[in-house]
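Q: According to TrEMBL, the protein carries these features:
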| type | residues | note |
| --- | --- | --- |
| DOMAIN | 17-117 | domain 'Ig-like' |
| DOMAIN | 124-210 | domain 'Ig-like' |
| DOMAIN | 233-318 | domain 'Ig-like' |
| DOMAIN | 331-427 | domain 'Ig-like' |
| DOMAIN | 442-533 | domain 'Ig-like' |
| DOMAIN | 540-628 | domain 'Ig-like' |
| DOMAIN | 639-740 | domain 'Fibronectin type-III' |
| DOMAIN | 747-923 | domain 'MAM' |
Amino acid sequence: MLLVHSLALIYFCPPPPPFPPPPARLRIWSRSDKLAACGCLRVSFCSPELLKPCGIGRRYQIRWTKTAGSMSDRFQDSSVFNETLHIAKILRTQGGRYYCKAENGLGSPAIKSIRVDVYYLDEPVVTVHQSIGEAKEQFYYERTVFLRCVANSNPPVRYSWHRGREVLTQGSDKGVEIYEPFFTQQGETKILKLKNLRPQDYANYSCIASVRNVCGIPDRSVIFTLTNRTASPSIKLLVEDPIVVNPSQTVSLVCITTGGEPPPVLTWGSSNDSLPQRSVVNGGTLTLPAITSEEAGAYSCVASNNVGNPAKKSTTIVVRALKKGRFWITPDPYHNDDNIQIGREVKISCQVEATPPEELTFSWLKNGRALRSSERMVITQTDPDISPGTTNLDIIDLKFTDFGTYTCVAALKGGGIPEISIDVNISSTTVPPLFFSFLVPPNLTVPRGKSPLVAREGDTVELECLVSGKPKPIILWSRADKEAPMPDGSMQMESYDGVLRIVNVSREMTGSYRCQTSQYNGFNVKPREAVVELIVQYPPTVEPVFMEMRQGLGRPVVMTCRVLRAHPSRVLRFEWLLSNRLLHAGAFDAQRDETEYTVRNLNRDGLGEYTCNVINEAGAGKCTFLVTGKAYPPEFYYDTYNPVWQNKPRTYSFKLQWTQMNPNAVDRIVAYRLGFRQMGLERWWVQEIPVDGPINKGELMSHNLTDLIKPESYEVRLTPITRFGEGNSTIRIVRYSAPINPHLREFHCSFEDEPICMFTQDKNDDFDWTRHSAATRDTKYTPNTGPSVDRTGSKQGFYMYIETSRPRKEGDQARLVSPFFNVAPKNPYSISNPPAYCFGFFYHMYGKHIGTLNAFLKQKGQTSSEGPVWSLNGNQGDHWKQAKVSIHPTSSFQVVLEGIRGPGIEGDIAIDDVTLEEGECRDPPTNLSSKVLFRSSHIWLLCVTLVMTLLEGQR
């Protein structure tokens, strides 16, 4: 896995080489096909950014997609076809596999993928439950209780339980059981079972969730207090259900708790996903001022205290409303024509949307007078289940005396809502009397020259359909060529004059648009429709929109501007400019999709901003290239511990280390300008660091900052310098940290602090030592190995151990390396009399699969590896034991502790309280490996004898 500390992930495909186009090929340069965005999403991400280059042939198109190109997972149009995919402030939902597809029309497309993992850890949540059927008046009195801990995370979380300050493990208490983690919809869950509660079980329980410090994500914990009064919540709503109100009224919903310990927290929710913006929540009271019809719906009060299930009560708010009055006329059902004639039956239907529907009432008027149902004028109300809110007026045997204005009046019984009136005018002047008809069915046509309609992106266009008929119907507009929303986001748009007006038209709006008469158009007949074609022209879309090109003086620079898409697709011309000065212009080759400009020999006059304008009838697309001779910024090296210890009481030094990004991209770097200032002060101190020869990529450079004042921090700025001038700078903060026995007299490390006394993990081993407190036992895999306390017997104390569970295998090594210790004896020593130091530590080697624990002495300048100065293997019992061994270094040295994994998972080895003291070990413990001690002493005596013999020979 490639770990990325990043605020943004950037994948970059460089320009192709200048030779004829082969079939597309693609390569994502990476040590792994997996990336991990490290950092807690709720806190921050780290920096810097990451570049992922892709090498590829000429005249290609790149598209980035997610999950094998699903349309729903594609990125914004500006990112899909670019060589660089930029994900700023990545979210956990954006993790997954990303696909880079390249094609140039030759052969099959090239596809490569890379996976991005986003690491995070949410706050854990503890909920408490009781066995079904055991709940009595006192919810948790002498009953079995389950405490469930849940935390969302990536990678999977590891849980531990505490009761007060006591660590709870499987088998440590007969009244406690810890279930193995399992997955729920909320994440991985760890359950603590308390059987038949005892007095000591009423306590504070804490659940600690850990992802083992992955990417520096700290452990998170939550505390729950269990008492004999603990109970699930209960609530009561002090309102009716449903609540029927008029618009603009203020509605207050009151919710109170009637039980629960700890005291429940009340929250309000709505069936509309979220509460209205103007709503006010004060404790258990929800107030909706000046309520509207859109705010009607179900509102729920939820009480939760993480005990049992949350309590929920709901009520429905109904806001009275009348809207969308419509009418339609049904011709004689016994004749198959659209005309309504004298002597035939006519039905006038009126429909209104009413809330609540049971309060809706209708009345009919003719020429302003109330109309009652009769043998020729039959008034009916349709079944609400079939056609809600509908009333019908049937006119039997239509006569000239029936001409007039018919009015349908809709009202609500509760009052407070204006009535809706719909007038239908039937008269002899509606149509010529020759046809004995008075209504004309609708007709739709598209005016000549209005389809296809050509417009430019950003214009305002009007799509027009001519509509005729009496009465004139409403026109509904929709997309005819695909299932896509209209410009306002809806699937249909209404028009009363047959014109669809689109402001700021975009290229995505190109296509066919259908105009159709409304279903309620005055006739119960088949709707009419027509289609209008819209063509949107837009300037060329080009890439790169912006590219910085760094190059040394005297070298060639090739800039390529590529056309991705345009309409009309025939590109007319191009022009290259440098700072608004025309360099080259011409017609675009119809067989090519790119134009190129070359600076053969870059000089200072050739530096600056180049612009390529690619122009068609709709406008111009612009590629911008910033050509500069600036050197890239240096990159500080953070992997080693940087302070350089000085035996000075008031000052300290710091070893600054860095590498140079792309050192050969520009002219040779001749020096670095180093600036630093004390934090909080304005004055900068500046000096130059000369560079003798060319810098290789990845070469580590260093410089000692001296005479820094303790304990102040400093801001450091490093700038590369070429013959062009200054390049980009990099800034870091240097912080003082107190040394831990840099000149050895007495060294002691109990691993209580996170820096672990400047110990480091060996980068050439198979896995790492882990800092931990309390039990290392994993109840899922390793119940019979590892310590349950630190060396002092404290469950809160820390120690280091090797975790031998999967994926570790037999023989895997983990090495922990101490800081360098300077040999500084009081009196000069000879090779035959080097200073002595006593190296000691406590170890815990318990489990049937225990491997080997080794201790090594590593001296500065030493090239070959020597055997261990101490070694032990096998199960030593569930106890901490002490080891001591005398060492005799002749130069600055380090001590190395190596743990080797045994044949199985029950092989955790732990160490604690590492010490180093001047002088021989006085009382070495009896449990040391006598074989190793004998071998070390024997080798030492042989060396001393050999040296003495040589000295005698010289005399």
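Backbone N, Cα and C define each Cβ position, glycine as well.
Automatic, uncurated: that is what TrEMBL annotation is.
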Q: How does the model score the domain 'Ig-like' (442-533) in terms of mean pLDDT?
A: 84
Q: I'd like the per-state residue tally for the domain 'Ig-like' (331-427) from DSSP, helix first, then strand, then coil.
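A: DSSP classes over the domain 'Ig-like' (331-427) add up to 6 helix, 48 strand, 43 coil.
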Q: List the helix, strand and coil residue totals of the domain 'Ig-like' (540-628) as derived from DSSP.
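A: Tallied per class, the domain 'Ig-like' (540-628) gives 3 helix, 58 strand, 28 coil.
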Q: Please list, for the domain 'Fibronectin type-III' (639-740), how many residues fall into helix, strand and coil according to DSSP.
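A: Tallied per class, the domain 'Fibronectin type-III' (639-740) gives 0 helix, 51 strand, 51 coil.
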